[in-house]
Amino acid sequence: MEKSGSIDSLGSKRSSSRQPSVDSLSSTSTSRSDRSAQAKPPFAMSSESVAASAELSPEFRVKPKPAAKQVLRDSDKEEPQLLPNETVQDRAQDVTYFCPFIGALRGTVTVTNYRLFFRCMDREPSFVLDLPLGVVSRVEKIGSASNRGDVSYGLVCKDMRNLRFAHKQMEDTLRKSIFEVLVKFAFPVSNGLQIYAYEYGQVFPENGWKVYDALSEYKRQGIPNESWRITKVNDHYEVCDTYPSTLAVPVNIPDEELKRVAAYRAKGRMPVLSWIHPESQATVARCSQPMVGVNGKRSKEDEKYLQAIMDANAQSHKLFIFDARPSVNAAANKMKGGGYESEDAYQNAELVFLDIHNIHVMRESLRKLKDVVYPNIEDSHWLSNLESTHWLEHIKLILAGALRIADKVESGKTSVVVHCSDGWDRTGQLTSLAMLMLDSYYRTVRGFEVLLEKEWLSFGHRFQLRVGHGDKNHTDADRSPVFVQFIDCVWQLTRQFPAAFEFNEYFLVTILDHLYSCLFGTFLCNSEQQRLKEEIPKRTVSLWSYINSQLEEFTNPFYVNYSNHVLFPVVGLRHLELWVGYYIRWNPRMRPQEPVHQRHKELLAKRAELQKRVDELQREVTNRSASSSSERAGSPTRSITPVQTFV
Amino acid sequence: MLTGSKTTFKVRQMLPDIKERMLSQSGVHARSRDVFGLRCLPGECVLQRAVMVRKKLTAREGRGWVSGTLFCTHFRVAFVPQDSPKPDDNADPVLLGDHDVALASIEKVVVVGPNRTKLVTPNSSLKFTPEELVLYCKDLQVICFLFDRLTPDAQVIEITYTIAKTYQPLKPGSVLSFQNAALGSVEMKQFLSNRRRNTHMNWFESALDWEQELERCGATGWRVSSVNDRFEMSTSLSRSIAVPQKVLDTELKKSFAHFNEGRIPRWCWRHPRGSDLLRMASFQNNIYHEKDDIRNLEMILFGCQASLCVVVELGEELPSPADVQLAHSRLRALCLGDISTSVSVPDDKWLSTLESTHWLDYTRACLRKASEVACLLRGGHLTVALQEADDRDMGCVVSSLVQVMCDPHCRTQHGFQSLVQKEWVVAGHRFYSRINYHRDNDKEEAPVFLLFLDCVWQLLSQYPSRFQLTDDFLLALHDSIHLPLFSSFLANCQRERCKRSQNLGQSYTPVNGWRDMDSSSDPSDPPLPSVWDWSLQYSKHRRDRFTQPVPPTPPLQPLLNGNLNTNPDTHRLTDTIPGSVFLLSRGIFSCPANLLPWRGGGGGSSGVYKKSHRRAASSENVPGLERLLKAWALAEFPQGLTSTSGPQGPLDPYEPLLPLLMGPCMGLWKECYLRGALHAQAFSHPISANHPHPVERLAREVQQLKDELALVSTGTDTSPPAKMAEPRRADTNLNQNTNNGTFLFPAARPQSASAPRAAPRAAAPPTSTNHHTSRGPPPASAPPSRHGHKDNGGNKHTFLFGHPSVAEARPDQHHYPAPNNAKLPKSNGSSIAS
């Protein structure tokens, strides 16, 4: 483990008894429910989330009793189970939480440097709200409307909910309200504090920082080969500070020329390889917009470079350039020095606009969606309200774009270049979705982690800016749910191909929860360079450490490894659905009716049991018939074979 | 209405002509029943065929294309894939193959040529050679055939004309000629009349059937009355009705006049907690109530519950048949995406257009009403009477939905079929008018039954593991509605159905030798089969998909038999003043003065009150009732955290399946309505990765393994090969007794009868496996036949709904033939496509 938090140091902490040590996590003697109860606290977002995601967190169904008992035992202490280096900052009694579904609840609030913890003891069972502070987008003091001296606070959250609290006006006017304390720790960056991820020292049996290694990923794809090479030109992030240090480029373009190509592309993000087709050698390359400007500036090097990308694929004499933007926006970018490739300058290249809107449109769309789903849903106008948010339409455009890319590469055997303006939002969505459709490796848990590390983290999707970790400036125009949208698209794929993905819905929800929680270092910072500078891998824990240490929670029991099988989803709006399990999970009325996962597990267990019995019987029959006549063994043996080919 | 001998005659006249044409085309093969791989029905002739045609497969079939030969007979458009197995000539005829569509289901024929599309009518002429033939069907299927360059142009044009000429839309009489085409041949008639009815379901046609149902539900205090045996009391009611035991037939007779169409309150179902579900038409108001009448009416209405009756008014909150019709036609228009008129809803308006059909609103309204009723019944010991003006539409929907929600038996295939018999077919839902087969009565047309199927699908999609039937079954039923072939749907009430079958001299045996003499229909009309005769309609592998191979987890506790009361809420209701009647409307209980017309009003009737020992209902019980409804609201609305621990306790099998009704919870039945979304697939790659759904596949595998077990165990212990030497055999038997007898046999037995277990009853709770194992026949023995007599003792109920035999329980090895010639993008097709 690279992080200092060791078992010994944990032992000295007052909350150490609650922490899973390496031993207890890996030991088989620990019962399953205990394990998950221990591993759970940092991850259960709140009691409401428990209710909503019951379908996803199997231990609440399989063994609900221990879980319930756990809560009751905890409730005696009125304290959350603290994580390593998590310290209580303030506690207040008699705070009212206005739950939009249950009503006003009176209880105790505890604020630590990681979370807000509310517990209401009046109810049976007691009500618990456990909220990582990273989720809070804004805290507003709502004027004390009542004359009884209540002060009310509204917490706007990044994960599709708003919370409202109230407590009595402090008699001691000098004393700070607990919510003022909360503001300090909810926005550590703005208050000169450290994000909790740097303090969290949990040790997991697996080190998630080792999941992705650029060179071995390129090697898996067969790079370097006769047409592509690995370049170290960006080793010190001098050519492009938002790109990774390891890049794959066409063989016949020397590093010096690469620099000139980079100069012609916005932010120096030159076209580099994302994925190569193992058979046809058609490639997916990504970059930012060319700096064409109003004068239609051209770059011989860039033209030659794209020609080299095309030539690297012998199967096709054409290159498709996918510009993710609507053509109007692309043209408007010329005023700012950007623009798009003219087909005059790029012979044999065809430019396609994919009509995907920018981050501001997406942010607005998700805001509207939140209005429609939280807290109340208007039944009679649900569908038209949903339509008016245009969220699904945006999802459709992104999926349709990725589908076109995948189709060109797979069916057309043509190489493609994808870009938008800067090449770190829409471009990442498109390339990673296309790669997910094209390459079954990315549909495994580890492969998906690699995909995120590669296409999103190393290629500089600006997570810090888009999410605004620990930053109180909630109106920042750079914030946008680009990554959420991508995960939504992945979910749509899993809906259409339920057996093609090794991970389940809970995996996707967990990733999104920790996009905001600031518990892990994975989504901190904006680029590989920054992450290196901040020593993120040394100072924080990777989300993949947590996930890979309890894979059984996140695996899809129906996964079939369709290697080399390309997924072509249906992208019409008629075939897309709202991801209810994420966007409306706080509404207890949306609780799924049936523990479907449990039935799946039962079926799998039943099948294993029966298969075993069939095998036994068969052996018996074979033995018996071998001793008498051979014809009897024939039929059962033949009839058994198709069974084994499944799943 | 069913007469039409003239048309029949016409068709008969046509036949020789058709045969000639066929002879001229297919030459030597004409005599054979197997023409070019098509398995014809007896008497069915191939009018035209086209070779080298490709059929577009739906998402359910695995997408992509399959090539083969296209046929048009005078009954159907058939398609035989290239390398489909040779049909077995000795097998029983199946009306529709897996790729076939009946001509009567076709609504529109559209051809697509080079850059144009054309709607083809019987009179239209083609000026181009079609490249694509699209059949729009009434059941929302859209079937698309692609003519390859290899298809001879002449064949393409000929078959298009033939289909257009033969399918005959909206032509009166076409239904009859269609029936004749399908079932009219001598062989077919004979085949049909020798056909045995499904004995695993209750047909509710005789008094005996009703008695069985009363017994199944543990409904004591009720009896079956044959007072309407000649349909003299009510023409639309069934022959047998269940009424309170204490009401004599002579008393009963006087009450018919007080209700619209004579549809008096009848018993439908008893909740195990002792509540009864009744349904009735509205009261006839302009009638004088004699004192005796009133006593009888009250007795009938209150049934066996002395205290409390809730009248649930169905008219106000539920859609009218006209609403249903409008919504459905909008939904059709939206989902079919008609290419001939190129009026297709743009994708970005899809959601709001779907909303504006109101179809989902109506589904929700029905489910909400049924949930309310289910919650009331759960309260125990009250009577809930569903009241609708004519009691023939929404009464059917709500009463059957309540039973699907509350009674696990109704969620099995046979139980559901019995339910539809009871609440729809026999209860007098006007299928004939509502479906409007003849297209001669548009005013009455309303697919109320399809609305009900959609509601059931919503329940199924929210509680997938609580149903034994599958959505394939619902889909098959949905499609069969559009085939005008089934006696179940080709009449408006039991009386019409009886008339027809009487005249045909069918196997229908009246209970007391009564016969309707005024025969009016042509005795040569083909006998119509019941819709439940699935083996006539679908191939075995489609039928195998009707039920879940692994049945829902069996109820953990035996049925409470209707009298055991474990409900804590009840004591609140028992202090109710006897004879209270409340009206439930818009979720509010009230007791309006004129609720029961004989009670309301002036002094005259108040005297009657005292006589009948009833007092005016006070509203003090309303809170008790409201609490019952609130229980639903809370169930919809879990309290805090630990309500997620729901599954832990023993699951009460009769706890109603209350659906979530919020906007995002109401789904669209895409497998049904969007089957025709041809534009769906952007690229032509088949996607087989998602078919069938892995859960389904897994469940099937479990079943397969169970069957293998049964096979292996029977192979070892019950059917030793004859060749075997005597000592060897003894050895086997010995083995069976010591080892197999204890291990193999019990292991194999419950699996072979894995499907819906017997309807529970008190005396013999069916949940105990041992009980069954000891009594059940050995796996390889003949299927247990139904013991039709009442005095057959305890076995009767076990067999009524039990699974017939090992052989029938076993599904096919695979569910869809892998389209071998369809392109797979890359290799390893076998594991994906199967």
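Using the three backbone atoms N, Cα and C, a Cβ is placed for every residue, glycine included.
Remember, TrEMBL labels are computer predictions, not curated facts.
With a cut-off of 8 Å between CB atoms and residues at least 6 apart in sequence, the same chain places A:Ser288, A:Gln289, A:Asp323, A:Ala324, A:Arg325, A:Ile356, A:Arg426, A:Thr427 near A:Cys420 (active site, phosphocysteine intermediate), listed in sequence order. Among the features that TrEMBL reports, active site, phosphocysteine intermediate is placed at A:Cys420.
Annotation comment: TrEMBL describes A:Asn333, A:Lys334, A:Met335, A:Lys336, A:Asn358, A:Ile359, A:Cys420, A:Ser421, A:Asp422, A:Gly423, A:Trp424, A:Asp425, A:Arg426 as substrate binding site.
TrEMBL lists A:1-20 with the feature compositional bias 'Polar residues'.
The compositional bias 'Low complexity' feature in TrEMBL is assigned to A:21-31 (among others).
Look at TrEMBL and you will find A:46-59 (among others) tagged as compositional bias 'Low complexity'.
Residues annotated as compositional bias 'Basic and acidic residues' in TrEMBL: A:71-80.
The compositional bias 'Low complexity' annotation in TrEMBL covers A:624-639 (among others).
According to TrEMBL, the feature domain 'Myotubularin phosphatase' maps to A:208-583.
According to TrEMBL, the feature domain 'Tyrosine specific protein phosphatases' maps to A:389-436.
TrEMBL lists A:1-86 (among others) with the feature region 'Disordered'.
The annotation region 'Disordered' is assigned in TrEMBL to A:618-647 (among others).
Around the Cβ of A:Met335 (substrate binding site), the same chain contributes A:Val294, each under 8 angstroms and 6 or more positions distant in sequence. The binding-site residues examined here are A:Asn333, A:Asn358; by Cβ neighbour count within 10 Å, the least packed of them is A:Asn358. Taken together, the residues in the domain 'Tyrosine specific protein phosphatases' (A:389-436) have a mean pLDDT of 96 on the 0 to 100 scale. Of all the binding-site residues listed (A:Asp422, A:Trp424, A:Arg426), A:Asp422 has the fewest other CB atoms within 10 A of its CB.
A coil conformation is recorded for A:Asn358 (substrate binding site) in the three-state DSSP classification, outside any helix or strand.
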